[in-house]
Structures are given as structure tokens and as C-alpha cells.
Amino acid sequence: MRFISTRGNVGQIGFIDAFLMGLGNDGGLLVPAQIPVIEEATLKQWQNLTFQELMLEIFSYYTNGEIPEADLKQMVYASYGRFRDEEVTPVRKLKDGLFLLELFHGPTFAFKDIALQLMGELYSYVAKKDGRKIHILGATSGDTGASAIEGVKGKEGIKICILHPHQKVSKVQELQMTTVQEDNVLNLSVHGNFDDCQRIIKELFADVNYKTTNHLAAINSINFVRILAQTVYYFYAYFQLQKQGVSGKVDFSVPTGNFGDIFAGYLAKRMGLPVGKLILATNENNILERFVKEGIYKPGNFQSTYSPSMDIQVASNFERYLYYVLGENPEAVVSLMEGFKREGQIVVNGDTLRQVQEDFAAHGVVGEECLNTIRRYKEETGYLLDPHSACGVAAADQCEAGGVCVSLATAHPAKFDEAIRLCSIEQTFPEPIARLFDQPRRQIVVDGTQEAIVQELGRFFR
Ligand SMILES: *Cc1c(COP(=O)(O)O)cnc(C)c1O
């Protein structure tokens, strides 16, 4: 498989180059030149595979043999050997017609671990093999940072700098990032919100000269490999349901911020997985909900909510979907993205909007609905949802039209005790989280300007 850019100005590149490029050098996002379609007979053969085996099968369609099979296998097994559940991403029945896909059994208790454990291994592999310097630079609304740091701390040839919005991440998220003592890790706590962090990072990545001289590498979901790793659990969940006697198409409800996770679901569907609707769950930061309902993509006012990892207005991966819904036409993407920069909005209508509404349903959780959902499911089923997973479940309840739905549980409730306590529910922290509270912390608080960030990076990436 070769990779191209949504804006049409990156020549066809291979898997490792796409992994290292992160953001396309033309400012677009990398996508496979053609999405491989898995035949039904092959899907049947995959039914009984373990998560790890399934990942190796899916990756084989994309890696062009650039990584020897034995090496990739070793990396995959090392990545998921650190998970606390043997199934990696188990499926649990919540009630009739509604299942939860638990994605939080990795080291930092959120779904980001699934892609980032593997990407940590891959970066380390490339650093060793080519003697390359790898300087990872990322922005986080809380979970990506913790997970990426966990994936590469102490690894030779790799440095990682993570920007998070100052005092806008949960306590546990902050502790997971800042209690890491390895010298190859730098945490910048940035005055501003996640969109500010993401914008600064994107500007630095878009400056190809800066990017190359500083050996920058991306772990945000602008990186296609992250998306690809996440398609695996959509397939895995589908096969788990088949084993439980479910037949036909399955809907997925996805708590959404940067559109990365739900785009992975879209890719799985395009690869031939029998997915019905993708239900897009947001909180008050509902730009994507409005897009699905009205065809208008226009950032609103940023709001801090109970589900901080979804407090995002400008969704990086949205451009990937635009590319497909516009018929894989890079000129059309460029024109809409330029219009977005000029006018601050993108509008689609007619057949395009009909296609959007065919692909997605959407629900934005507002006000007390998030906490009420947590309380109600705790009472009715005994299951404690984290606030992000609760948005997914609330959206599934709202949008599901009688089919079978899998709602993605993207984090463990212990990461977001602030919201859980507001529900008057007491939880016991798992030991790896409990032990963070009395450890020393390391971070630098900086202004939310490109200048201030570049200055810190200059010292660190030397
Ligand atoms: C990152 C995150 C999301 C949103 O995922 P996107 O890929 O950005 O859409 C949802 N829930 C949790 C817990 C997260 O960490």
C-alpha cells in the first residue's frame, strides 16, 4: 500500500515514511492510495483470531512488507502484553441490544494506549534500525499525552514533548504525565485550551524546514498508523458479537473529539466490515454533531465539560472524512480547507449532506445528561461508566433504531473521578493510579504562543 495526501501534493510514499511524516508535507492528512477491501471469505477466516493475530492480518494490507513479519509480530505482542485484560479489548453486554467495547485496559487506562503502545514500539524500532533521532511532539486533551509518554519513556534515540492545556486536564491525567521522571520526557503546561495547543503543533509540523531539522514525529491522530491500529478493535468487537449470536450489521457509538476514533470505524466499514451507522457522540463542544445534522462545520465557543478529552472544536481528522465524502478529490478538499481558513466555516449540502447522514447519526450530550447517564447505568446495571463512555452510551440510547449497537468505552472511570464524585459515587482507584498521588512532578508552565513553545523546544531537542 502506498500513501497519499488529502490535498494531493505528497507523492506516493510507503508505510514507514507515512508513519514518520505524520502530517502530510503539503498540510493535508495521509490516507491509503486505495482502501483495501477485505472479502467475506477472509472475514470468516478472521472470526476466531485473537486481537494480536487480527492486528497482524489487518496491518499486512498496509505495510508492504517494509517490516519483516517476525519484527512486527514481536512489537505487537510486546505492546499488548502490557494490557491487564487478556482479550485486550473485551466486549461486555450492558443491556439488550447494547454492548460496551472496553478500550481502557492498557497502562494509562484510556483507549489511546491501543495505538500508542504500538507506535512507541515502532518509533523505537525505526530509531534503532536507521540510527535516527526521533523527537515526538504532541498536543493532548489529557489521554494521548499520558499514553504516548508511557509508550516511549526511557527509550533510546527518542525524546518526547507533550503540550497540555494548563489546568484543563483531570487530576489523574496530569499526574500520569508529570510524574514520569525520565529525562527524555518534557511536559509543557500551556496557558490556553486544547485547540491552542493543537494549532501551535500543527503550525510547527507544517513548517517542513523546522520539522526536518528538529526530527519531529507525530503521535496525534494526524498520524495514519494510529488510525489503523484503532480499526482493529472494530473488527474484533464485531467478531465477538458474532460469537454471541448476533448477526448482520452492527452500529457503533463513538465518543468523539478529534474525529480519530470514529474515522477508524469509518475506515473499517470501507474495508468491508458490516457496520451500520456510526453514531457520533459529542459533549457541548458539538461542532461535529452540528455538521452531521446541518452540514455546517463551524467552531463554536469552547466549553470545559465533564468529558475533557472531548473538549475540542477543530477536529484534525475531519479532513480525512471530507476527502472520502467528496469522492477522493484533493482539489475539492483544498478548496474547502482554504475556504475554512478564510471564512471560518465549511458548508456541504445536497447529495454530500445526504451521504454524511447516511454514514453518521449524531447526538451532543449537554448539561446534566452526562452525569445522569452515569448514575442511571450504575443503578440499573451496576456498571460504572466514565464521563466519555457515558456520552457514547447516551448517544446510543438517543440514536439507536432497534438494531445492535456497540458503544466504545474509551476510559476507566478512575481517570475522571471529578465527574464520578459529582454523581455521589465513590470508587476505589486501581493500584497503578492510586500510587501516582504522592510522587514528585515535573512540568513547565508556558504561554500559549508559538514563540514560547519554540523556545522550550530549542532547549529540549538540542
Ligand atoms: C481522545 C479521547 C476521546 C476522543 O477521541 P478522538 O479520536 O479524539 O475522537 C474520547 N474519549 C477519551 C477518553 C479520549 O481520551
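In case you wondered, yes, glycine gets a Cβ from its N, Cα and C as well.
Pulled from TrEMBL, these are the features on record:
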DOMAIN    2-80  domain 'Threonine synthase N-terminal'
DOMAIN    89-402  domain 'Tryptophan synthase beta chain-like PALP'
MOD_RES   LYS112  N6-(pyridoxal phosphate)lysine
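DSSP places the residues of the domain 'Threonine synthase N-terminal' (2-80) in helix, strand and coil in these numbers: 36 helix, 9 strand, 34 coil. Same-chain residues at least 6 positions away in sequence with a Cβ under 8 Å from that of the residue listed as 'N6-(pyridoxal phosphate)lysine' are, in sequence order, GLY106, ASP143, THR144, ALA146, SER147, ALA148. Secondary structure from DSSP puts the residue listed as 'N6-(pyridoxal phosphate)lysine' in a helix.
Averaged over the domain 'Threonine synthase N-terminal' (2-80), the predicted model reaches a pLDDT of 96.
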